[in-house]
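If you check TrEMBL, you get these features:
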TRANSMEM  A:12-31  transmembrane segment
TRANSMEM  A:60-82  transmembrane segment
TRANSMEM  A:94-112  transmembrane segment
TRANSMEM  A:142-159  transmembrane segment
TRANSMEM  A:190-209  transmembrane segment
TRANSMEM  A:221-247  transmembrane segment
TRANSMEM  A:254-277  transmembrane segment
Amino acid sequence: MSYIPVIIDGIVYGLQLSLLAVGITLIFGLGEILNLSHGEFAVIAGVTAAVLNGVDVNPFISALVGVLLAGVFGLIIEKTILISAYKATGETRILSGMFITLGLGFALHGYMANQFALVSYSVRLPIDTIEFLGMVFRPTNLVAGGISAITLILLMLLLKYTYFGKAVRSVVQNEIGAQLCGINPSRIRMIIFFIGTMLAGLAGIMQGLSSTIEPEVGVQLTIFAIIVSIVGGVRSVTGTIVAGILLGVVYSLVSFLIGTYIATIFFLLAAALTIVFRPEGLLGHKV
Amino acid sequence: MIRPKNGRIILDSFDISKYEAYKRTELGISYVPAERELFPQMTVIENLELGAFTKRARKRKEENLELVFRLFPRLKERKNQLAGTMSGGEQQMLAIARGMMTCPTILMLDEPSTGLAPKLVAELFEVIRKITEENLTVLLVEQHMTQALSVADRGYVLETGRITLSGSGEELLVNPLVKQAYLGV
């Protein structure tokens, strides 16, 4: 019985990883840019929301400002320093995309670590813990899980049923075909970069809500998100979400039973095993 | 996309030489490449819906869908099948149908018979003939000379990038020079 709160913690954490990783998956799937600064967007939004919340701004408004800030910043990046990567094709694009976003990641990390004290930030809701059947649940944790889950469901519905979502999938599957249908791939990529960085921002805020977020955690978030994206299948959004939840639960259980360091090793092991045995990821190439 | 080294591409007195491919689709040129360029992980109906992506085409989606299902009844039967799992002939039909969903004024077919069995080639040309009856200009590049010319109002013979012969389809069909050019003798 005492495992249930740990598993719930794991699911909540996994949903946050999924929020982060779907951005990696979509941005890579559409434009072959592996965003190595992705986790920093989570930090920007998480710290912004926590700082605002700390000076008594309503938690929802704080969160909204944080998410929008991450998204708008993402848009600016996509339209400026990433242009040279988009102009290249094939391997050159992948490599320059990685170098540009890696550099950006270092810069953002340095800035955040300098400007904001290296302490833990959190977003607080005015509610207490609940006891149910003798087990203690943190409601903020459940709120974070709920918001993450709803956002991911909305994202999947958007991709599956709307014209925009179909256009996104078409560019992932065949960019030339998409152009023949009158779809402008650059525009789709821009919108997805905006959405992807906003989702990363939301993930950061959810982490600040369910536990804490530190300015220096961006690199780790990026690495975890990339692992989740690989395990889920680099072009599969559904796979990414499933992988996020699975790895979140495993991480949480292993942390609880053994320790955080071992849990991190499990993470890397999961990625390594996936690459060896199922290089196309859990759910293959479906988008 | 390959940009022209010289010369211009004019559509309805607009110079579209520098327009990107998606813009040309918006303006009413539909290009159906020999490679088909379908969305393999999407169903037939999703492929067709994406053909009607532009605002102009979206308005006429329902009637165009009806039209392509009339021309290609097999696509209607297979509308929930993934495009990537269909046979070569069916994929070619889907590519043409998707091209028609973009609501074009010119439909450009690049060697649509590539890789099709003879029986399917005959079927294909029958459909192309029907398409030309739909108030739509078809620009067809083909190796199957006789069949292509028999559905064409006008024909042009291209030799190493230059037009060497042109005339009505019927004229060219009986012109011995065409056969010569075709055989390269």
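Just so you know, glycine gets a Cβ as well, placed from its N, Cα and C.
Long-range contacts of the transmembrane segment (A:254-277) within the same chain: residues 6, 224, 227, 230-231, 247, each at least 6 residues beyond the stretch ends and with a Cβ under 8 Å from a Cβ of the stretch. Counted over residue pairs 6 or more apart, the CB atoms of the transmembrane segment (A:190-209) and the transmembrane segment (A:60-82) come under 8 Å in at least three pairs, which marks the two as touching.
In terms of C-beta pairs under 8 Å, the stretch of A:12-31, A:60-82, A:142-159 lying closest in packing to the transmembrane segment (A:94-112) is A:60-82. Within the chain carrying the transmembrane segment (A:12-31), a Cβ under 8 angstroms from the stretch's Cβ atoms is held by residues 38-39, 42, 86, 93, 97, 141-142, 144-145, 148-149, 151-152, 155, 168, 171-172, 185, 188-189, 192-193, 195-197, 199-200, 202-203, 206-207, 210, 221, 224-226, 228-229, 232, 234-237, 240-241, 243-249, 251-252, 287, all 6 or more beyond its ends.
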